[in-house]
Amino acid sequence: MGKRSISLFVSACNCNNHARKCRFNMELYKLSGRSSGGVCLQCRHFTAGRHCHYCKEGYYRDPSRPITHRKACKTCDCHPIGATGKTCNQTSGQCPCKDGVTGITCNRCAKGYQQSRSAIAPCIKIPRVINMNQMSADDGGSAASRHRSSDDEDYTESKFSNRVGSI
């Protein structure tokens with residue numbers, strides 16, 4: 001390779017400031033229409049990919065920072081009890097929540113759910129309550145039209161602790 005070829009190769013790697021080394025791959029070079037064959041090696045700062053251009057598993061992209069920033073990837077921080085796993089959406093950071101659990105890290109019960117003591121089901125649906133005193137035979141009211149469910153009432157989401165038994 002001549003000096004011009006080497007400089008083209010180095011600039012073609014484009015590791016977004018997350019790798020110090022790259023290698024040339026002729027197959028990728030041909031597939032790219034001879035525009036780039038560089039593959040970054042040992043991506044740092046929790047990045048991955050041919051050009052260290054996305055966050056590795058367990059991390060998501062901080063939209064307030066460019067991909068070239070060393071803190072462009074943030075840890076998912078999924079709640080150990082409320083989430084079904086440790087990997088979040090790479091763009092939004094949303095963790096996969098268990099049934100009845102909400103929040104970006106799955107750390108609180110959703111509307112209509114209350115905290116339980118189970119690590120398997122940390123939030124359970126609030127049962128519907130029928131007030132029999134409000135019903136009377138002479139006004140033709142039915143149970144369906146005269147009860148209020150937890151969904152009808154004002155509700156404030158509350159965070160739950162990560163201690164088993166007090167969820």
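A Cβ is built for glycine as well, from the same backbone N, Cα and C atoms used for every other residue.
A quick note: this is a predicted structure, and the numbers were derived from the prediction, not measured.
Over in TrEMBL, the protein carries these features:
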type	residues	note
COMPBIAS	158-167	compositional bias 'Polar residues'
DISULFID	C76-C88	disulfide bond
DISULFID	C78-C95	disulfide bond
DISULFID	C97-C106	disulfide bond
DISULFID	C109-C123	disulfide bond
DOMAIN	76-125	domain 'Laminin EGF-like'
REGION	135-167	region 'Disordered'
Conformational class of C109 (disulfide bond) under the three-state DSSP mapping: strand
Spatial neighbour of C123 (disulfide bond) that is closest, considering only the disulfide-bonded residues C76, C95, C97 and their CA atoms: C97
C76 (disulfide bond), number of other Cβ atoms within 10 Å: 23
Residue counts (helix, strand, coil, in that order) that DSSP gives for the domain 'Laminin EGF-like' (76-125): 0 helix, 12 strand, 38 coil
Cα separation, C78 (disulfide bond) to C97 (disulfide bond) (Å, whole number): 9
Overall pLDDT of the domain 'Laminin EGF-like' (76-125), taken as the mean: 97
Distance [Cα-Cα, Å, rounded] between C78 (disulfide bond) and C88 (disulfide bond): 7
Cα within 10 Å of C76 (disulfide bond) - qualifying disulfide-bonded residues among C95, C106, C109: C95
Other CB atoms within 10 A, centred on C109 (disulfide bond): 25
